[in-house]
Structures are given as structure tokens and as C-alpha cells.
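Taking it in order: structure first as C-alpha cells, then the write-up.
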Amino acid sequence: MKHLHRFFSSDASGGIILIIAAILAMMMANSGATSGWYHDFLETPVQLRVGSLEINKNMLLWINDALMAVFFLLVGLEVKRELMQGSLASLRQAAFPVIAAIGGMIVPALLYLAFNYADPITREGWAIPAATDIAFALGVLALLGSRVPLALKIFLMALAIIDDLGAIIIIALFYTNDLSMASLGVAAVAIAVLAVLNLCGVRRTGVYILVGVVLWTAVLKSGVHATLAGVIVGFFIPLKEKHGRSPAKRLEHVLHPWVAYLILPLFAFANAGVSLQGVTLDGLTSILPLGIIAGLLIGKPLGISLFCWLALRLKLAHLPEGTTYQQIMAVGILCGIGFTMSIFIASLAFGSVDPELINWAKLGILVGSISSAVIGYSWLRVRLRPSV
């Protein structure tokens with residue numbers, strides 16, 4: 001029990017469970033004995049009915065639309081906390097990770113488009129390598145233990161949170177189709193109710209969650225991706241402490257283990273099961289997976305390093321205390337771990353077009369993410385001196 005408690009207390013535990021879930025999915029999807037069961041599980045229909053309102057989706061879509069909304073609720077809470085009290089609370093603190101994140105989104109997207117611009121279908125996946133899997137990246141960094149300067153951990157977390165915020169904006173602007181104005185109207189009313197609750201100082205988290213369920217349903221029916229409802233709810237839950245208690249921090253504390261040890265691993269299990277049948281070197285080096293691999297493995301560190309260098313040269317920001325530029329470059333490589341966020345965007349980009357494209361995209365994401373994890377970890381291990 002002591003070893004189990006030590007494992008779950010480690011920052012690396014969430015990343016390790018993610019890896020196990022992804023490997024298990026790959027094994028089951030490629031085994032004759034279990035592939036049928038794996039796909040049957042994902043296609044299991046689940047129906048929710050309240051009066052005349054009916055939501056009928058398969059298990060995969062419930063995981064991607066409902067459970068991931070809880071993940072984005074946690075992201076919303078984290079972003080709000082960092083903006084108001086944490087590493088993004090002042091312009092001086094926020095400048096370096098914000099500039100790094102912008103470079104880490106622009107350059108991978110441009111590199112992907114360099115491979116895929118001529119194809120109007122695969123071009124839609126330009127945002128896939130712009131994402132970073134915060135849990136996976138922090139998990140890999142945690143494997144290095146106490147050698148990692150606290151400032152470097154905070155930099156990676158701030159960068160990844162801004163990256164997540166960028167991904168949310170991208171999803172809202174570029175991966176939303178066929179809008180239902182009636183449902184958007186209901187969503188607008190729900191958001192207004194959340195704002196009133198916040199302004200009136202209501203601190204009962206359950207009330208916000210209840211309105212959040214209405215908002216999630218309306219957003220789902222509107223054509224906008226339902227996970228955005230989670231972020232909106234997270235922004236409205238009060239952060240300010242009263243009698244030593246903060247509703248937002250308390251909910252963040254409650255949600256974190258559920259997201260790290262259940263929701264993200266379940267998402268990885270449901271989405272990482274790519275069949276390798278028929279996969280060839282020619283296929284893996286075709287424009288879609290190659291663009292993703294190049295974006296994650298080259299574009300991410302290049303964009304982050306280049307924009308950080310420009311920020312330092314132009315005196316727009318300064319290095320976090322106790323870190324070196326070489327360490328920042330290594331963190332840039334770790335940000336190439338797109339994994340769950342990249343898979344999520346790939347499912348939005350190609351889900352209604354061609355399932356085969358999603359498979360090739362997932363292969364590119366897995367190769368790019370694993371390569372980034374191994375290279376980033378190795379580089380940091382060399383660059384960080386053991387603590388005495």
C-alpha cells in the first residue's frame with residue numbers, strides 16, 4: 001500500500017497511466033482475439049433521455065464529448081487560477097510563456113501546412129500539431145525528479161495551459177459547423193445565469209455544475225463542440241477565498257485525480273487503438289502523418305525556441321530564474337507530446353470525412369509524441385545536474 005500511495009503521489013503517475021492505457025489500446029486493436037471486443041465497446045450505444053430531450057451516442061462519442069468536457073472544466077479552473085493568482089497573473093510573469101506558446105502553435109501549424117496545403121481535405125488538420133498534452137509532458141518532466149528547477153516546471157505548466165487555451169479558441173473558431181441558433185440561444189441564457197451567479201457571490205459549486213449541464217447540452221445540440229462548455233463553467237466558478245475556502249480551488253482539487261487517473265486514460269484507451277494492419281513505410285511517410293510528425297517533433301521545439309530567443313533579444317521577457325536557454329529548448333521538445341489533445345483535434349478535423357484519415361493522423365501523433373518524449377527526456381537528463 002505504501003508503494004501504491006507513493007506512486008499516486010508522484011507527478012509522473014498520470015503520464016505513466018496514460019502510456020499504459022495507450023499501449024493497451026494498441027495491443028487490443030491489433031490482436032485478433034480482442035480487436036472485435038475493443039471496437040464493440042467503442043460502438044456500444046448509450047442513450048440519455050429526459051422528457052422529449054434525447055441524446056443518443058456511442059461510447060466513443062460519450063467519452064470524447066462528455067468526459068472530455070470535465071477535463072476542459074479542469075483546464076478552465078487552472079487557466080483562471082493562473083491568470084488571477086499564478087504564473088500568468090502579471091504581464092512580466094506571463095510574457096515569456098505566452099510568447100513561447102504562440103511560437104509553439106504557429107510554427108508547427110505552418111510546418112504541417114507545408115506538407116498538406118495542396119490537399120484540401122488533409123489541410124483541415126493544421127491544428128493537430130499545435131496542441132500539447134499537459135499531463136503527459138509534465139509526467140515526463142516529473143520522471144527527472146528533484147533535478148528539475150521549480151521555475152522550469154512552472155514555465156512548462158504555464159506554457160501548456162496557454163497552449164490549451166489556444167487549442168480551445170481554435171476548436172471554437174475553426175472546428176464548428178452547422179450551428180443551431182435556438183440551441184445557441186439556450187447556451188447564451190445559461191452563460192448569463194452563470195455570470196449572475198458569480199456576480200451575486202453564489203459559492204455553491206453544485207449550482208454552477210447544474211447550470212453547466214444545461215449549457216453542455218445546449219452547446220452539444222448547437223453544433224459547437226460540447227467540451228467548450230466545461231471551460232466556460234470553469235471561468236465562472238468563484239476563485240476568491242472566503243473563510244479560507246475557494247470553490248474553484250476545491251473543485252480543482254476534487255477533479256484532478258478523476259481527470260488524471262480515469263478520464264484522460266479512458267480517452268487515450270478509446271482513441272489510441274490504431275490498427276497497424278496495412279501500415280507501410282510509404283503510408284507512414286505520406287503527407288498527413290509526416291506533416292504531423294514534423295510539426296510535433298520539429299515545429300514545436302523550433303517555434304518555442306525561436307520565439308523565446310526573439311523575446312530575449314528584444315528584451316520583451318526574461319528567462320525564468322534558475323533556468324538556462326538549453327533547458328527551455330528541451331522543454332520545447334517535450335511540448336511536442338501532443339497525444340490526447342492532438343488526437344482530440346484530429347477527431348474533430350477528420351471525424352466526419354474519413355475514418356482512415358483519423359487512423360493515419362493518430363499514427364503520426366503517436367510517432368511524433370513518443371519521439372518528442374524520448375528526445376526531450378534524454379536532453380533534459382543531460383542538461384540537468386543532479387541535486388546535491
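Cβ atoms here come from the backbone N, Cα and C positions, even for glycine.
The record in Swiss-Prot shows differing topological domain names for Glu54 and Arg381, meaning opposite sides of the membrane. Counting Cβ pairs under 8 Å to the transmembrane segment (224-236), the stretch among 97-116, 181-200, 254-272, 340-350, 358-380 with the most such contacts is 181-200. Taking H, G and I as helix, E and B as strand and the rest as coil, DSSP gives the topological domain 'Cytoplasmic' (81-96) the counts 10 helix, 0 strand, 6 coil. Listed by sequence, the residues of this chain that lie at least six past the ends of the topological domain 'Periplasmic' (32-58) yet keep a Cβ under 8 A from its Cβ atoms are 25, 65, 217, 220, 270, 273, 275. When each of the listed stretches 12-31, 59-80, 97-116, 123-130, 287-310 is scored by C-beta pairs under 8 angstroms to the transmembrane segment (205-222), 59-80 comes out highest.
Through the fold, the transmembrane segment (123-130) approaches residues 104-106, 108-109, 111-113, 116-117, 163, 166-167, 170, 174-175, 288, 291-292, 294-296, 299-300, 336, 338, 342, 345-346, 349-350, 353, 357, 361, 364-365, 368 of its own chain, all at least 6 residues removed from its boundaries and within a Cβ separation under 8 Å.
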